[in-house]
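**Student:** One structure is given below, represented as structure tokens, and several questions about it will come after.
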């Protein structure tokens, strides 16, 4: 157990060092740009490790919740814990995120700490990290496209659609199924089950925001299509009268 705090400190130091290196070598960009590069790297790394854990190493989280943590599961959680502590501190210092995202980071930190201290349910935590981070590269790509002035393009449209579809499927559909398996299994502790419910409720809070965004964007696209259709009809009518 004494090695866990050391591992967390080392990972936290690693993420801070990476951020500092990016800031020093990428001074033309702002602090948020470099922080999001760190976020993007963590998302890719976390997805790769947890995907290997779930699909190759095992056990399968839907059938074996509440099992003992494996060394690879512990490593994945320690890496992500170090990142979440770094990002939480960055968001609080620069005041860039709202209360929902801060709650998400707080719950993620507490959930990983709980799983590490109990020594079990690591497979569920890794599955949650996988489902949470798999949409992260798309979210960061969307932000970078905005900063580069390329968001209003086909690429931006594809990124938005993929993000919404992947979020709904992974966080709501797959997440709901996993929560059901967690709740009906006798192995996971009650506090782990409560944490699972809390994370799923938080996913629905994000889902409401995403639904509002999708509705606003679809309405904007519809109005644009309607105006273009009317303009084309008017031009056609003028052409006939001429």
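Cβ atoms here come from the backbone N, Cα and C positions, even for glycine.
Checked TrEMBL, it gives:
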{"type": "DOMAIN", "residues": "28-219", "note": "domain 'TLC'"}
{"type": "TRANSMEM", "residues": "6-23", "note": "transmembrane segment"}
{"type": "TRANSMEM", "residues": "35-54", "note": "transmembrane segment"}
{"type": "TRANSMEM", "residues": "74-94", "note": "transmembrane segment"}
{"type": "TRANSMEM", "residues": "106-131", "note": "transmembrane segment"}
{"type": "TRANSMEM", "residues": "151-169", "note": "transmembrane segment"}
{"type": "TRANSMEM", "residues": "190-215", "note": "transmembrane segment"}
**Student:** List, by number or range, the same-chain residues at least 6 past the transmembrane segment (106-131) whose CB is under 8 A from its CB atoms?
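**Tutor:** Sequence-remote neighbours of the transmembrane segment (106-131) are 4, 46-47, 49-51, 53-54, 59-61, 64-70, 73-74, 76-78, 80-81, 84-85, 88, 170-171, 174-175, 178, 182, 188-189, 191-192, 195-196, 198-199, 202.
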**Student:** Looking only at the domain 'TLC' (28-219), what is the mean pLDDT?
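**Tutor:** The answer is 94, the mean pLDDT of the model over that range.
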**Student:** Is the transmembrane segment (35-54) packed against any residues at least 6 beyond its ends, judged by a Cβ distance under 8 Å, and which are they?
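**Tutor:** Beyond its ends, the transmembrane segment (35-54) has Cβ neighbours at 15, 18-19, 22, 26, 60-61, 70, 72-73, 75-76, 79-80, 83, 86-87, 90, 123, 126-127, 129-130, 133-134, 136-137, 140-141, 143-144.
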**Student:** Sort out the residues at least 6 away from either end of the transmembrane segment (74-94), same chain, that have Cβ-Cβ distances under 8 Å to it, and list them.
**Tutor:** 4, 7-16, 19, 31-32, 35, 38-39, 42, 45-46, 49-50, 53, 101-102, 105-106, 108-109, 112-113, 115-116, 122, 125-126, 129, 133
